[in-house]
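Chemist: Here's a structure for you.
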Amino acid sequence: MTPRIRRLAVPLLTASLLVLASAACGSGGGSDTAGSADTAAKPGEKVKLTIGLFGDFGFKPLYEEYKKTHPNVEIVENVTQFNDHHNNLVKRLATNAGAGDIEAVEVGYISTFTAQPAKFQDLKQYGLDKRQGDYLDWKWQQGLSKQGGQVLGLGTDVGGLAMCYRKDLFEKAGLPTDRTEVAALWPTWEQYIETGKKFAAADVAGAKFVDSPGEIFRAMVNQAPAGLYDAQDQIIVDSNPDVKKAWDLSNQLTAEKLTAKLAAFSPPWNTGFAKGSFATIICPAWMTGFIQEQAKDASGKWDIATVPGGSGNSGGSHLMIPKQSKHPKEAAELIDFLTSKENQAKVFKEEGTFPSIPSLYDDPSIQNFTKPFFGDAPIGKIYSEAAKALKPQHLGPKEAEVRVVIGDGLGRVEQGKQTPDQAWAQVLEDVKKIK
Amino acid sequence: MSSLPLAVPGRRRRRGIRHTLDVRVSPYAYVAPFFLLFCAFGLFPLVYTAWVSLHEWTLLSDEHTFVGMDNFGTLLADGYFWNATFNTLSIGVLSTVPQLVLAIWLAHLLNRRLRFQTLFRVSLLLPNVTSVVAVVVIFSQLYGRDFGMINWVLSWFGAGAIDWAAGTATSHIALSTMIMWRWTGYNALIFLAAMQAVPRELYEAATIDGASNFTQLRKITVPMIRPTMIFVVIVSTIGAMQIIAEPLLFGASTGVAQGGAANGGPDRQFQTLALFVYEQGFTKFDFGYASAASWLMFLAVVIVAGVNFLITRRVKGGLV
């Protein structure tokens with residue numbers, strides 16, 4: 001190289017490196033386009049429907065099917081993380097801009113939104129009240145406006161509880177591996193903890209008994225007749241003995257060193273699945289989809305047993321149409337399609353989210369459904385029984401916020417920052433501040 | 001211009017007025033776009049935030065009741081606010097001080113004849129153009145408790161697995177390294193620009209007098225670039241007081257923040273002031289309270305930047 005060429009080449013090279021680096025890293029920021037600014041559709045005109053979700057709902061194959069009968073409809077799916085999704089929805093409703101034509105809302109947030117009926121379309125206008133007969137009654141009720149009257153959301157799935165466990169790790173620990181024998185180990189949560197102690201005593205390398213106490217706590221509260229709220233929407237965390245009992249049991253998991261300290265849905269938790277860092281995980285039906293997704297190499301190692309402490313519901317969602325949607329009629333049709341009996345059954349078989357339509361529970365195609373990934377466990381039967389036994393619980397408007405406060409308390413104990421009593425005192429203080 | 005009929009007095013006067021107007025008014029017209037934008041995106045939000053902070057104002061309700069200074073009173077008694085203030089100052093000091101020392105040293109190293117010096121200088125800026133999301137996600141993995149590289153290296157020396165995100169001090173250190181990674185090179189380039197303006201003769205004379213490299217840095221370079229140092233210290237301080245993306249993403253990608261990434265860990269061990277404002281405003285939708293917090297944060301930034309200005313000014317300027 002002559003000196004002159006070199007003088008030019010070096011900055012050029014570095015500049016191109018810069019551009020490459022920024023291009024490679026620039027994809028980190030998510031786009032925020034959930035607009036639905038089309039004009040009202042005439043028959044046959046192209047309609048773009050946006051649908052906002054918080055995770056994979058298993059809808060993708062259904063969109064393709066829907067487009068066959070509705071060639072003029074284009075469907076755009078926006079998936080964001082759980083908390084962000086719901087917080088963004090609150091913002092977009094308040095500012096009347098940016099929400100999708102269809103938005104998924106999890107039960108933890110459903111009362112927040114059904115308390116604002118003016119912000120949503122009444123699905124009755126589009127004839128969807130005809131679907132009432134299909135649904136579990138309590139699931140249907142959850143989608144109604146506070147005063148009743150308006151139908152704001154149609155249910156997708158319910159989260160009947162079960163307990164997933166790793167057969168290989170149980171075997172290493174000298175515990176039974178057959179699902180009925182495993183279920184017999186833990187009719188109650190106390191016995192579940194006892195089993196955990198046995199597992200810990202066997203000292204299986206690199207594996208703890210449970211991922212973290214957070215979701216276990218949620219499941220235990222959901223099994224009680226009343227949870228974080230009473231029927232009058234008052235927070236009863238400080239007075240409900242079932243909440244305190246769930247708190248104590250959850251912290252016992254920590255005290256006995258049974259947890260892998262992996263908060264649910266975090267990246268290290270995902271890694272934990274791949275590495276087999278925990279032997280059991282609380283398994284609402286939708287969790288089976290997560291496990292399949294995260295522990296791809298562990299096919300056949302996971303199995304499903306009944307949950308300690310009786311039935312309960314954890315999670316499940318509704319689909320709603322914000323008032324600002326430009327195509328409420330088309331959106332309502334799509335909701336009707338996505339939540340139909342046949343499609344809920346299809347989504348369950350693919351994704352694991354369990355239908356909220358009780359006539360499916362005795363349907364042979366569900367009853368006899370097994371999954372090779374879970375060692376051919378009869379997951380259709382397990383979750384049908386769980387869903388049939390469900391006793392619905394009243395959920396309050398700030399359900400999710402209260403749960404975060406308690407989750408933080410459990411986290412402080414888990415990280416050794418506070419004793420359970422100190423953490424509980426702070427939880428009660430924090431709960432009082434929730435407006 | 002000479003073709004204009006100069007003899008007509010009225011027109012001449014009018015031209016004079018136009019000329020005066022042009023001289024007097026045009027400059028304002030030229031700077032107006034900036035000020036219009038500043039008013040729309042700087043001044044108006046500032047004033048409106050002050051107005052909102054005097055109200056009970058949530059996103060979920062259309063009624064905004066005037067409550068005077070109540071929000072500020074509650075805030076001053078809120079332990080979580082003071083916790084966030086402490087975290088901000090702690091992370092600020094831990095990141096800014098080593099960062100500036102390192103930046104001066106790097107600039108000093110580059111302020112000499114080197115092969116490929118442009119390459120070195122430009123690569124200093126590389127971390128700065130990397131997206132903050134990428135930086136935090138990668139650093140969070142490095143600082144991972146179970147499978148992180150840093151704990152792996154430490155384990156060679158017999159250290160146990162450190163839960164970086166869980167501890168107060170450890171999380172502050174982790175966040176500070178992310179901030180330093182992004183901003184050290186940027187500041188080094190600014191220092192380097194200033195250093196190049198220092199006359200070479202001073203160094204030559206000092207070399208003849210037998211001054212060591214380090215003495216030259218201390219006695220010549222630092223005093224000569226004092227105005228730049230003041231600038232860099234103030235800008236870094238303001239930046240450090242406004243840290244939000246790093247703790248927010250650190251909480252989310254280590255999973256330590258459980259349900260709410262905006263709380264900076266279950267013990268709020270790394271929640272900064274800006275993150276506190278975000279939590280109040282955009283996860284609890286309490287805009288009144290969040291506005292009050294951002295005003296106090298604004299005051300804190302002014303105070304801390306002012307103190308730093310006074311301290312930096314005491315560094316002796318010029319050559320003694």
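Note: Cβ is positioned from N, Cα and C throughout, glycine not excepted.
Just so you know, TrEMBL annotations never went through curation; they're auto-generated.
Sharing the feature lines straight out of TrEMBL:
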DOMAIN    B:85-308  domain 'ABC transmembrane type-1'
TRANSMEM  B:28-51  transmembrane segment
TRANSMEM  B:89-110  transmembrane segment
TRANSMEM  B:122-143  transmembrane segment
TRANSMEM  B:149-175  transmembrane segment
TRANSMEM  B:228-245  transmembrane segment
TRANSMEM  B:292-311  transmembrane segment
Chemist: If we call contact 3 or more Cβ pairs under 8 Å (sequence gap 6 or more), are the transmembrane segment (B:149-175) and the transmembrane segment (B:292-311) touching?
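Modeler: Result for the transmembrane segment (B:149-175) with the transmembrane segment (B:292-311) is no.
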Chemist: Within the same chain, where does the transmembrane segment (B:89-110) have neighbours whose Cβ lies under 8 angstroms from its own Cβ atoms, ignoring anything closer than 6 residues to its ends? I mean 6 or more beyond.
Modeler: 117, 120-121, 124, 172-173, 175-177, 179-180, 183-185, 187-192, 195, 217, 221-222, 229, 232-233, 236-237, 240-241, 243, 247, 270, 272, 304
Chemist: Where, among B:28-51, B:228-245, B:292-311, do we find the most CB pairs under 8 A to the transmembrane segment (B:122-143)?
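Modeler: Selected stretch: B:228-245, with the most Cβ pairs under 8 Å.
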